[in-house]
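**Q** The domain 'Acylphosphatase-like' annotation in TrEMBL covers 15-105. Positions annotated as active site by TrEMBL: Arg30, Asn48.
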Amino acid sequence: GGGGAAMAEDEGLVSVDYEVSGKVQGVFFRKYTQGEAKRLGLVGWVQNTSHGTVQGQIQGPTARVRELQEWLRKIGSPQSRISRAEFSNEKKIKALEHKEFQILK
């Protein structure tokens, strides 16, 4: 190894909230989001809202968070139809505030 810590420092950790609109409930959207987040090594959560959207929070290295944002904006689960993905409250964090990426009921 060597140089691993320095790289992580340049990268930095960010936290960002998201809300995805469209046909995103009842299409395994949460399960796929969790799978994608785990693949990227991100933590946070995802849940359905009462008004038909999916919302949550993502935390992890900036570049990886960007990848999941792109995924939430364009891809989603196979049966989903994303009309809009909004991101808010983005901030730099010193440490991850979640242990894993959870699906909240």
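Backbone N, Cα and C atoms are what each Cβ position is placed from, and that goes for glycine too.
Keep in mind that this is a model prediction, so the values were computed, not measured.
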**Q** So among the active-site residues Arg30, Asn48, who's got the most Cβ atoms within 10 Å?
**A** Arg30
**Q** Average pLDDT across the domain 'Acylphosphatase-like' (15-105)?
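**A** The average pLDDT of the model in the domain 'Acylphosphatase-like' (15-105) works out to 97.
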**Q** Rounded to the nearest angstrom, how far is the Cα of Asn48 (active site) from the Cα of Arg30 (active site)?
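**A** With distance taken Cα to Cα, Asn48 (active site) is 8 Å from Arg30 (active site).
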